Structures are given as structure tokens and as C-alpha cells.
Amino acid sequence: MAPTHVLRCCQRGLAWIPVIFIALVVCWSYYAYVVELCIFTITSIGEQIVYLIFFHLSFIMFVWSYWKTIFTKPANPSKEFCLPKAEKERYEKEERPESQQEILWRAATSLPLYTRTGAGAIRYCDRCQVIKPDRCHHCSACDMCVLKMDHHCPWVNNCVGFSNYKFFILFLAYSLLYCLFIAATVLQYFIKFWTLCRRKSAENCPKNELPDTHAKFHVLFLFFVAAMFCISILSLFSYHLWLVGKNRSTIEAFRAPVFRTGSDKNGFSLGFRKNIAQVFGDQKKYWLLPVFTSQGDGLTFPTRLVNVDAEQATVTLHPEPNKSSADVPVSPLSESQNRLLSNEQHANNTGDHLANNTLKSAESETITISMESES
């Protein structure tokens, strides 16, 4: 037992190495840009002031969003998704999967669940002993179930999910802006220092050439590091912007969620604008700030209703083959789902009305033709 505990502590300690590495690189980049470039290299006071103002703005937003991504605790399922004590004891004693599923179906009756496993069963975490809410997954690195889990990121040593996904997006955005600003402003001095390094003698250098000091090594390396991180972050940031527009997590992009009607990769997509609001909230003035503004509670999410009977007033979970429809747990619709269902019912009623009109007109034409033929 003790060796396992020690091993776990060592793993947690080693998990901070990527974060420490990023922190050291950021601290060095601050020194290289502010001291070596702006103070020792740039001679124009106006250029120094402009560079330092915009650098510190991007630096503060980058560090702020990175901090929030790292130290925001992942959201976990609430107590209502835990099995009652008596049901949990029965579940643990049962050996047959069918009997265990019956216990889970009864416990899930009052829960707002619309997704399940690929086999149509209730999603249950044996490790955390909770019924998984929609879009919730177990993280083996954090050893917990995380609401709307996207992925576990080693560079922040944290799970990216419902509670900090907006912070993660802003962290990518501001880190990209930080690297782009450094690369763009350092480029001219990088070229001058690079040219200086290739001179064979100082006598061949023009008078307006920069002096050959130790600052050149910081400036050269600063440009290479900024460009390298910029390329890698750009691809990751673009991918997550695409995921936000589709209202998918990284897990759902690789494995589509399963609903009552089957798997649907666009099951949580509500349209581009509403998908953006799901992550960043309704108030646009807070979109660029690393403060929590995401919609919902992470336990329930509005869904696209596909192939739903318009006469049904509720959404039901599809039971196992050996269960009757009376045993199916019924969950109330969310507000957004009611709106979607009402629109679908209106569309169906409009279609039925048009079909009835067409049928009546066809019947009247048939009667008219018959009367003309008889006459």
C-alpha cells in the first residue's frame, strides 16, 4: 500500500515538469524582450515605450488565462448522480450485467440523461461510483469524472472540461498573440544580428549596424522560440475554434455521442452562434476575459432532437431489448429542447395541413372528372 502511495506522489510531482518548463521559458522571454531587446538594443525611446506597453498587455492576459486554466478545479458530477446506499450495495452484489443495468435504469429515472453507451446501456463509472451525466468522462490522470471533459492537457497539468474550457481557449489565443507580437517586433533586429554574426570582421559592418554584444544571442534565440511556439499553437488553436463552432469536445470529435436515436456527432450542435454562447456566454463584453461565463451547469446540455415523435411530450431513454416501454425512465425536457421540439411540432403540423389540402384538391378534381365523363 505504501509503495503505491509513494508512486502516486512521484507521478503527481513529475506531472508539474511541463508546467515548470513553460514557466521558465516565459520568464526568460520576459527578460530577453524587456531587458535585452527594449533596454539594451533599441535606442529609440518612443519605440521602447510602444513595444513595452503592448508586450505587457499581451503578457498579462496570457499569464492570467494560463493561471486560470491550471488552477481551476475540474467540475465533477453532483450527488444526485450517485447511487443511493441501498442501490449501491445491490449493484456491487449483483454479478450479472443485466441485473446491474436494471438497478441503473431505476436510479436514472429522475436524472436528465440523453446519452448512453454504444450498447444502449446507462453510462456508469465503477471507479467513481456515479452515473455519468451527458458529456462526462473519467480522467485516468486526475482519477475523477470530469463534466464535459475535453482532454487532459500535460502543459497545464489539469483536465480541460466544463469549468475551464473557456480559459483554455483564451490561453491558446493569448499565447498565440504573445508569440506573434514577439516574433513580429523582434524580426528586424533578428535580421540585423543575424547579418552581424555572418560578418568576418567589424570593419566591414556599416555604421548603422547594431553593436556585437551578448544581447544578440537572446534576440536570435527569442525569435526562434517565438516562431516555433507560434506554429504549434496556431494549429491547436484553429482546431479548438472548429470544435467550439461545432459544439463538440475532443472526445466527441473522435467518438460521436450515442443518443436514443443512435450516434450523432452533431447531437449537441445548436447552430454556430448558440454554440459559441455555450462556451463564452451571452455577454460579449466578457468573452475576452478569463472569467467564467459559460452557459449551464455542466450536468445537462441542450441537444438537437432527431427523429422525435411530435406527439410525445417527453424524451424517454431507450430501454434494453428485454425491458418494456413502461419501465423506461422519463426525463423532463430542458427549455431549449422544448423550443426545438415546439418548432418540430409546428413544422410537422404545417406539413400535415399542406398534405390534407393537397389530398382534398385531388379528390375534388377526381369527382369533377368523373361527373364530366358521366355527362
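Backbone N, Cα and C define each Cβ position, glycine as well.
Over in TrEMBL, the protein carries these features:
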type	residues	note
COMPBIAS	333-361	compositional bias 'Polar residues'
COMPBIAS	364-375	compositional bias 'Low complexity'
DOMAIN	123-254	domain 'Palmitoyltransferase DHHC'
REGION	316-375	region 'Disordered'
TRANSMEM	15-42	transmembrane segment
TRANSMEM	49-67	transmembrane segment
TRANSMEM	167-191	transmembrane segment
TRANSMEM	217-242	transmembrane segment
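Residues of the same chain lying 6 or more positions beyond the ends of the transmembrane segment (49-67) and with a Cβ under 8 Å from any Cβ of it are 22, 26, 30, 33-34, 37-38, 42, 156, 167, 170-171, 173-175, 177-178, 181-182, 185, 288, 290. For the transmembrane segment (167-191), same-chain residues at least 6 beyond its ends with a Cβ under 8 Å from one of its own Cβ atoms are 29, 33, 37, 41-42, 51, 54-55, 58-59, 61-62, 65-66, 68-69, 72, 150, 153, 156, 160, 210, 219-220, 222-223, 226-227, 229-230, 233-234, 236-237, 240-241, 244, 279, 288-290, 292. Per-residue pLDDT, averaged along the domain 'Palmitoyltransferase DHHC' (123-254), amounts to 89 for this model. Across the domain 'Palmitoyltransferase DHHC' (123-254), DSSP assigns 73 helix, 16 strand, 43 coil.
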